[in-house]
Amino acid sequence: MNVSIVGSGYVGTTIAACLADLGHEVVNVEIDQDIVDAINAGDAPIHEPGLEERIADHAGTRLRATTDYGEVRDTDVTFLCLPTPSTEDGSLELGPMRAGAESLGGALATKEDDHLVVVKSTVLPGTTEEVVGPILEAESGTQVGEGLELAMNPEFLRMGTAVSDFLAPDKVVLGTTSDDAASTLRALYDPILSSEETDLVETDLREAELIKYANNAFLAAKVSLVNELGNVAKEYGADAYEVLEAVGLDDRISARFMRSGLGWGGSCFPKDVDALRAGAREQGYEPDLLDAAVAVNDGQPRRLVDLLADHVDLEGARIAVLGLSFKPGTDDVRKSRALDVIRRLDERGARPVAYDPVAIDNVRERYPDLPAAYADSASEALEEADGAVVATDWPEFDDCSFAGMARRVVVDGRRIDVDAADLEVYEGLTW
Ligand SMILES: NC(=O)c1ccc[n+]([C@@H]2O[C@H](COP(=O)([O-])OP(=O)(O)OC[C@H]3O[C@@H](n4cnc5c(N)ncnc54)[C@H](O)[C@@H]3O)[C@@H](O)[C@H]2O)c1
Ligand SMILES: O=c1ccn([C@@H]2O[C@H](COP(=O)(O)OP(=O)(O)O[C@H]3O[C@H](CO)[C@@H](O)[C@H](O)[C@H]3O)[C@@H](O)[C@H]2O)c(=O)[nH]1
């Protein structure tokens, strides 16, 4: 199938390379020339395991990128993978979606054949039908249902495992309003849907939109509940990991997403939970439990710094911060808990020195004013440090040597596998 993908960030680039891998002809339409150049040169514009090789394999043959929206006319289906950030008050910002839909609609105005537009971005219920559809109709001069089809197909991939998540998901959710749209998408995803591990959910647009938010809200709230139980465990002097491992043996609860610690960050959970809270309020419903999930999450970095301050006088202290990305396996630092930890250390007079295997450049670029110095290795960050905090559970931290520290005090927000025997103090946030 000929597929165009509008927006080539974490999702658009990943699904483009994966769809090319499945045998489709794919073109990425992207406004950032650097990203376009990277893909056409066979390079991955982001760090994501398995992506680089796929782009290198398909660039110039089944995969290419362009800034020219006109190229969508040579395709049968377009996926909108545009950003859906939050506004200041947490509500959904639809500016990029509107802009992308306008450009796409304009390009489709001179297309003779039918076209299917699929919203892949995370959007609140009603957005596909009430915002994207009317813009496409106005710009293309074609009506939905009369040559223009609309669908909503949320994405559940995780950063760090995006390629394998996309190619082998638990479920594919297709929100459609016509049999044609549904059968086109079933055909597109056929190699994925033929796996017994993947369920197909066929539903309407609104349900598809809400399934994505409900999924993320559930997972974020689960981690917040795990963190609250972890905080209580710590107060009792109990090990939350032992407790929750046993709790997770109950099939109704599941053992996954049970890691307590510094909390959730990233480009999705914070903004999606905020958008759903704001959306619920707009509908006249007070989302108390989601509010509480955010409050617990926001408290974890402060608890980590407090715990460190129980052992180290923070004023003037050099503190190594191990990890900057919001989770291991990615260079994404959006809403990373590590940033909050660094700001709090600075507020309390400490001198944070941070190290991350892949995310330092992103931090420097996105948060140039972050009050931290950066080290080229964990041992450089730890050298002469008066204390250390673990903010991201990168596997390489398991093998860290803390020997060069001025005081071997380590406070762990992620339960890495350290040998605590040689440490003066080793404290887990929830154990
Ligand atoms: N990142 C994830 O893990 C993930 C997973 C599932 C769903 N989502 C959702 O997918 C959507 C995209 O997320 P992302 O992380 O890929 O975002 P991103 O910010 O990484 O990428 C978006 C891309 O769109 C480009 N863009 C912006 N305006 C454009 C326009 N008018 N025309 C063409 N390109 C334009 C940007 O330059 C950028 O490269 C969001 O709604 C997000 O919530 C993200
Ligand atoms: O037991 C756990 C699991 C996760 N986290 C934290 O939760 C955050 C999110 O982790 P994860 O869900 O693995 O990463 P994302 O890449 O943000 O993926 C989430 O957000 C995506 C964007 O919407 C969805 O597509 C995915 O299904 C959803 O898992 C990270 O800060 C993790 O450190 C924990 O603290 N404890």
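Using N, Cα and C of the backbone, Cβ positions are placed for all residues, glycine too.
Just so you know, the Cβ of Thr122 (NAD(+) binding site) picks up 23 other Cβ atoms within 10 Å once every protein chain is counted. Sequence annotations record features per position, and here TrEMBL assigns NAD(+) binding site to Thr84, Thr122, Lys271, Arg334.
Sequence-distant neighbours of Gly265 (substrate binding site) (same chain, 6+ apart, CB under 8 A from its CB) are Phe326, Lys327, Arg334, Lys335, Ser336, Arg337. Annotation comment: TrEMBL describes Lys212, Phe257, Met258, Arg259, Ser260, Gly261, Gly265, Lys327 as substrate binding site.
Marked as active site, nucleophile by TrEMBL: Cys268. Following the DSSP three-state reduction, the secondary structure of Cys268 (active site, nucleophile) is coil. Taking Cβ-Cβ distances under 8 Å and a sequence separation of 6 or more, the neighbours of Cys268 (active site, nucleophile) in its chain are Thr122, Asn216.
Annotation comment: TrEMBL describes 320-418 as domain 'UDP-glucose/GDP-mannose dehydrogenase C-terminal'.
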Under 8 Å by Cβ from Gly261 (substrate binding site), counting only residues of that chain that are 6 or more apart:
Asn227, Gly230, Gln300, Asp412, Gly413, Arg414, Arg415, Gly428, Leu429, Thr430
When a 10 Å sphere is centred on the Cβ of Ser260 (substrate binding site), how many other Cβ atoms does it contain?
28
Grab the substrate binding residues from the record (Lys212, Phe257, Met258, Arg259, Ser260, Gly261, Gly265, Lys327) and give me their largest CA-CA distance in Å.
25
Rounded to an integer, what is the Cα-Cα distance in Å between Arg259 (substrate binding site) and Lys271 (NAD(+) binding site)?
21
Check the binding-site residues Thr84, Lys212, Arg259, Lys327, Arg334 for any whose Cβ is under 6 angstroms from an atom of ligand 2, and report them in sequence order.
Arg259, Lys327
